[in-house]
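*Asks:* What Swiss-Prot shows for this protein is this:
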{"type": "BINDING", "residues": "Lys12, Leu13, Ser14, Gly15, Gly55, Arg59, Asn163, Tyr169, Asp172", "note": "ATP binding site"}
{"type": "REGION", "residues": "20-25", "note": "region 'Involved in allosteric activation by GTP'"}
{"type": "BINDING", "residues": "Gly54, Asp74, Ile135, Gly136, Ser137, Pro138, Tyr139, Phe140, Ser141, Thr142", "note": "UMP binding site"}
Amino acid sequence: MAEPKYKRVLIKLSGEALAGEKGVGIDLPTVQAIAKEIAEVADSGIQIALVIGGGNLWRGEPAAEAGMDRVQADYTGMLGTTMNALVMADSLKQLGVDTRVQTAIDMKSVAEPYIRGRALRHFEKGRIVIFAAGIGSPYFSTDTTAALRAAEIESDAILMAKNGVDGVYNDDPRKNADAVKFDKLTHVEVIKRGLKIMDATASTLSMDNDIDLVVFNMNEPGNIKRVIFGEQIGTTVSNKAELRK
């Protein structure tokens with residue numbers, strides 16, 4: 001087997017990725033299909049962390065705009081990410097993959113608290129760790145959670161698994177047939193161009209900690225493994241890449 005490009009990765013999934021064609025809620029067959037892809041990679045000896053959004057269940061910003069207290073709205077969203085994490089963990093465990101959920105808010109009846117040293121020991125023992133409940137504070141996105149946790153666990157890369165989007169473009173390819181896809185970008189270019197891969201806080205964290213981002217289409221079976229083993233798919237963002245287009 002070829003040598004992997006990345007040996008420890010953090011996979012960032014949107015909450016909507018778990019909803020399937022419904023777009024909202026949790027579609028269990030969809031979760032199970034994603035879990036199967038992740039399990040195949042774990043079987044290759046890759047150390048894997050996951051961060052899953054909560055947008056399939058709740059969005060804090062629209063709730064705040066509708067009149068809800070923003071802090072309470074964001075805490076509600078953190079609970080949504082925990083629900084998604086528990087469902088994904090169960091699907092992975094049913095495939096024989098030892099998995100732990102760690103939450104930034106204490107929920108000891110259902111998950112471990114986030115402790116960096118414990119997470120690192122889980123990786124050493126071949127376990128997948130799912131980080132839930134954001135960073136435990138309002139106003140921070142799950143993109144920022146992914147960037148922060150990736151830095152803390154010294155992940156080689158963040159894999160931004162997208163629904164039906166095969167990389168980063170200079171315009172929306174669904175609206176502009178002439179939109180150009182980038183193969184490689186620098187973190188600085190992403191920030192300067194205002195490309196919405198992650199929010200600005202998450203992008204800056206990734207740049208400052210020299211963490212690669214790979215944006216790719218998760219709906220294509222085998223793509224997670226292809227990215228990890230160095231196949232050029234999607235868009236890679238790093239401090240070293242040169243702008244190609």
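Cβ coordinates come from backbone N, Cα and C, glycine included.
Give me the local environment of each listed feature.
*Replies:* Under the three-state DSSP scheme, Lys12 (ATP binding site) falls in the strand class.
Panel annotation: around the region 'Involved in allosteric activation by GTP' (20-25), residues 56-57 of the same chain, lying at least six beyond its termini, place a Cβ under 8 Å from a Cβ of the stretch.
Taken residue by residue with DSSP, Ile135 (UMP binding site) is part of neither helix nor strand, so it is coil.
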*Asks:* Out of Gly54, Ile135, Ser137, Ser141, which of these binding-site residues is nearest Ser14 (ATP binding site) by C-alpha distance?
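*Replies:* For Ser14 (ATP binding site), the spatially nearest of the binding-site residues is Gly54.
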*Asks:* Whole-number answer please: how many Å between the C-alpha atoms of Gly54 (UMP binding site) and Asn163 (ATP binding site)?
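*Replies:* Cα-Cα, rounded: 15 Å.
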*Asks:* Residues other than Gly54, Asp74, Ile135, Gly136, Ser137, Pro138, Tyr139, Phe140, Ser141, Thr142 within 8 Å, Cβ to Cβ centroid, of the UMP site?
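*Replies:* Near the UMP site, beyond Gly54, Asp74, Ile135, Gly136, Ser137, Pro138, Tyr139, Phe140, Ser141, Thr142, sit Gly60, Gly77, Met78, Gly134, Thr144, Thr145.
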*Asks:* Rank aside, I only need the closest one: which of the binding-site residues Ile135, Tyr139, Ser141 has its C-alpha nearest to that of Gly55 (ATP binding site)?
*Replies:* Ser141
*Asks:* Any idea what the Cα distance is from Lys12 (ATP binding site) over to Ser137 (UMP binding site), rounded to a whole Å?
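*Replies:* One finds 19 Å between the Cα atoms of these residues.
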